[in-house]
C-alpha cells in the first residue's frame with residue numbers, strides 16, 4: 001500500500017504545482033484601426049524558463065475561441081496561419097512575461113484576448 005500511495009503522490013504532484021500558476025494580461029483596452037495591439041502576460045507561481053508552451057487566444061463577440069499563437073521558453077514560435085503576417089509573440093524570461101503584438105488591427109480583430117498555458 002505504501003508503494004501505491006507514493007505513486008499517487010508522484011502522479012498528482014505536477015498537477016498540484018501547475019494549479020498554482022497564475023497568468024495576468026495587461027495592455028490597452030482599446031486600439032484604433034490600423035494601430036498595433038500590444039499585450040503582456042505576467043506569469044506567477046511558475047518559471048517560464050522551466051518549460052511549456054505559452055500562448056494567446058481570443059474570443060470575438062458571439063463566437064468561439066481562436067488560437068493566435070504560442071511560444072516556447074526558448075523563443076520558438078507557432079502562429080495561426082491566418083494571422084501569421086501580423087502577429088509577433090515574444091518572451092522575456094527575466095521578467096517571467098510573454099507578449100503579443102498584432103499589427104494593422106481592424107474591426108475584425110475585436111475580441112477578448114487571453115494568455116494561456
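Glycine is no exception: its Cβ is also placed from the backbone N, Cα and C atoms.
As stated in Swiss-Prot, the feature region 'Complementarity-determining-1' covers range 45-53 out of the listed 9-17, 45-53.
Sequence-remote contacts of a segment are chain residues at least 6 beyond its ends whose Cβ falls under 8 Å from one of its Cβ atoms, and for the region 'Framework-2' (54-70) they are 39, 41, 43, 48, 77-80, 83-84, 87, 89, 91, 98, 100, 102, 108-117. Within the same chain, residues at least 6 positions away in sequence whose Cβ sits under 8 Å from that of residue 115 (disulfide bond) are 23, 25, 39, 41, 54, 55, 56, 98, 100.
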